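Presented below is the structure to which this report refers.
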Amino acid sequence: MAGGITDTGELYSPYVGLVYMFNLIVGTGALTMPKAFATAGWLVSLVLLMFLGFMSYMTTTFVVEAMAAANAQLRWKRMEKRKEDDEDEDSSSGVSDSDVLLRDSYERAETRPILSVQRRGSPNIFEITERVEMGQMASMFFNKVGVNLFYFCIIIYLYGDLAIYAAAVPVSLMQVTCAIGNHSCNVGDGTKYNDTDKCWGPIRRIDAYRLYLAAFTLLLGPFTFFNVQKTKYLQIMTSLMRWIAFILMIILALIRISRGQAEGHPSMAQLSGIRNLFGVCVYSFMCQHSLPSLITPISKKRHVNKLVLLDYILILAFYSLLSFTAIYCFRNDTLMDMYTLNFTNCEIINVAFIRYFLGLFPVFTISTNFPIIAVTLRNNWKTLFHREGGTYPWLVDRIVFPAITLVPPVLVVFCTHDLESLVGITGAYAGNGIQYLIPAFLAYCSRKDTQLVFGSGTVNKHLSPFRHTFWIVFVLIWGFSCFVFVTANIVLSESKL
């Protein structure tokens with residue numbers, strides 16, 4: 001996510017893009033949503049989920065608009081540079097001044113109709129053909145302070161991402177293997193385990209968790225010191241596993257409900273659970289930082305905003321189905337932070353393979369993503385401190401940056417493995433900035449720059465449906481209000497303890 005223009009890659013159809021976006025948004029956050037739903041109450045959860053889905057869609061259209069504006073400016077700068085190069089060639093050649101004046105007047109006559117067409121909404125100048133990452137857009141439209149705040153926000157978000165991933169794998173391994181060690185398969189039967197309970201012999205559950213965390217760090221941590229990327233086949237495999245797991249959980253919960261074995265009696269509203277639910281929902285709708293690599297390769301972008309809207313409706317329906325089947329199938333106090341662990345109970349499913357597949361599902365999928373996110377965070381650190389023309393010493397480049405990437409999240413999850421809180425805090429703070437504040441500022445600043453460069457009559461063909469300034473102000477007020485609300489909620493909760 002470091003700012004820069006990268007290759008667009010192979011083009012694909014709008015509907016393939018719709019599938020890719022669905023897969024991008026529906027990830028780890030969905031596994032923590034059922035617990036957050038149960039804690040906040042079904043009505044509050046549904047209303048908040050729908051509202052936050054709408055807000056996320058709005059800011060997604062802001063980012064698409066900013067991408068189009070960035071592409072237009074890059075084209076305009078290249079046109080200006082070519083014009084300057086041509087003038088330099090003319091001045092260095094032996095042509096007379098009168099010839100140069102004649103050619104200049106001819107060029108101006110040729111360019112005037114082009115510019116007037118662009119102001120009426122030419123499909124060319126605002127076409128999204130180059131992948132301009134969010135960091136590059138921030139550099140184009142923000143001042144130096146804004147760029148630094150952007151990188152600070154995205155770095156904090158990626159730290160939260162790494163912490164969630166680093167905790168999810170050891171938690172899943174601890175829950176499954178400690179149950180085996182106790183000759184039981186009742187991880188999700190409602191039995192409350194403490195961290196000090198025995199796992200195997202003298203080893204406590206918290207000790208097992210930290211051993212798994214150490215092994216996870218030693219196995220995947222070294223990838224932070226190298227360059228890795230997710231291959232096409234690995235992406236297909238992890239996506240396939242994810243959808244098999246989600247479909248299995250929904251079907252198993254529906255079967256249990258249809259047989260009259262449902263235990264859930266969710267409340268309508270519990271305001272104390274809103275803080276975590278807010279963070280989980282924001283985290284679960286997060287896609288804005290990856291939109292450039294997702295939208296740019298789409299071959300036909302004429303109706304891209306409608307396709308994105310369709311995606312959000314499908315995702316909203318999926319989240320609702322997953323969460324409602326969960327809260328009616330399981331009692332509130334038995335729902336686990338990682339929803340997959342509720343299906344490791346023999347009473348839910350007596351097929352051992354399915355139990356272990358669901359219980360260990362986060363281990364496989366998250367382990368493939370961890371090195372990629374770590375390398376992305378490392379590269380953002382490098383971009384933040386980079387100075388034009390400068391290079392980093394070998395020690396700083398190969399040791400210091402990877403170390404400051406890996407150590408902080410591992411230390412955090414060494415002290416806590418509360419996944420719901422980790423997801424909630426990451427979404428409520430850094431996620432809030434990336435999903436609401438940055439897109440709103442990008443839309444506002446890109447509109448100002450577009451008017452400055454092309455004139456007030458310019459029409460961006462990818463202009464957001466929420467084009468009135470009111471919507472930008474609304475998103476900014478909402479984003480800052482969320483910061484205040486979540487912080488006040490945390491302070492008040494801590495003061496009651």
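Cβ atoms are placed via backbone N, Cα and C, with glycine included.
Under the heading topological domain 'Cytoplasmic', Swiss-Prot lists 1-10 (among others).
Marked as transmembrane segment by Swiss-Prot: 11-31 (among others). With a threshold of 8 Å between CB atoms, the same-chain residues lying at least 6 positions outside the transmembrane segment (11-31) that come near it are 164-165, 168, 239, 242, 246, 280, 283-287, 290, 294-295, 297-301, 303-304, 307-308, 310-311, 314-315, 318-319, 322, 338-340, 362, 366, 423, 427.
If one looks beyond the topological domain 'Extracellular' (32-35) by at least 6 residues along the same chain, the residues whose Cβ comes under 8 Å of a Cβ in the stretch are 280-281, 284, 319, 322-323, 326-327, 330, 335-339, 419-420, 423. The topological domain 'Extracellular' annotation in Swiss-Prot covers 32-35 (among others).
Annotation comment: Swiss-Prot describes 36-56 (among others) as transmembrane segment. Within the chain, the transmembrane segment (36-56) has long-range Cβ neighbours (under 8 A, six or more residues past its boundaries) at 264, 266-274, 276-278, 280-282, 285-288, 312, 315-316, 319-320, 323-324, 326-327, 330, 332, 335, 420, 424, 435-436, 475, 478.
Per Swiss-Prot, the feature topological domain 'Cytoplasmic' maps to 57-148 (among others); the stated evidence is sequence analysis.
Here Swiss-Prot flags 149-169 (among others) as transmembrane segment, drawing on sequence analysis. For the transmembrane segment (149-169), the residues of the chain that approach it from at least six positions outside its boundaries are 1, 28, 31, 134-135, 138, 142, 212-213, 216-217, 289, 338, 362-363, 366-367, 369-370, 373-374, 376-377, 380-381, 383-384, 405-406, 408-410, 412-413, 416-417, 419, 422-423, 425-427, 429-431, 433-434, 437-438, judged by C-beta separation under 8 angstroms.
Per Swiss-Prot, the feature topological domain 'Extracellular' maps to 170-205 (among others).
Swiss-Prot lists ASN194 with the feature N-linked glycosylation site. ASN194 (N-linked glycosylation site) has a Cβ environment of 8 other Cβ atoms inside 10 Å.
Taken from Swiss-Prot, the feature transmembrane segment covers 206-226 (among others), and the record attributes it to sequence analysis. Long-range contacts of the transmembrane segment (206-226) within its own chain (CB-CB distance under 8 A, at least 6 residues past either end) are made by residues 166-167, 169-171, 173-174, 177-178, 195-196, 199-200, 367, 370-371, 374-375, 378, 398-399, 402, 405-406, 410, 413-414, 417.
Per Swiss-Prot, topological domain 'Cytoplasmic' is recorded for 227-234 (among others).
The transmembrane segment feature in Swiss-Prot is assigned to 235-255 (among others); the stated evidence is sequence analysis. Sequence-remote contacts of a segment are chain residues at least 6 beyond its ends whose Cβ falls under 8 Å from one of its Cβ atoms, and for the transmembrane segment (235-255) they are 23, 26-27, 30, 318, 321-322, 325-326, 328-330, 339-340, 343, 348-349, 354, 357-358, 361, 364-365, 368-369.
Per-class residue totals from DSSP over the topological domain 'Extracellular' (256-277), listed helix then strand then coil: 10 helix, 0 strand, 12 coil. Residues annotated as topological domain 'Extracellular' in Swiss-Prot: 256-277 (among others).
The transmembrane segment feature in Swiss-Prot is assigned to 278-298 (among others); the stated evidence is sequence analysis. Taking Cβ pairs closer than 8 Å, the transmembrane segment (278-298) reaches residues 1, 6, 8-14, 17, 20-21, 24-27, 29-30, 32-33, 36, 48-49, 52-53, 56, 59-60, 63-64, 67, 128-134, 154, 157, 304, 312, 315, 319, 420, 423-428, 431-432, 434-435, 438-439, 482, 485-486 in its own chain, all 6 or more past its ends.
When the topological domain 'Cytoplasmic' (299-306) is classified with DSSP, helix, strand and coil residues number 3 helix, 0 strand, 5 coil. Residues or ranges marked as topological domain 'Cytoplasmic' in Swiss-Prot: 299-306 (among others).
Annotation source Swiss-Prot lists transmembrane segment at 307-327 (among others).
What Swiss-Prot lists as topological domain 'Extracellular' is 328-356 (among others), and the listing cites sequence analysis.
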Average model confidence [pLDDT] within the topological domain 'Extracellular' (256-277):
87
Can you break down the topological domain 'Cytoplasmic' (443-471) into helix, strand and coil residue counts using DSSP?
15 helix, 0 strand, 14 coil
DSSP-derived helix, strand and coil totals, residue by residue, for the topological domain 'Cytoplasmic' (378-398):
13 helix, 0 strand, 8 coil
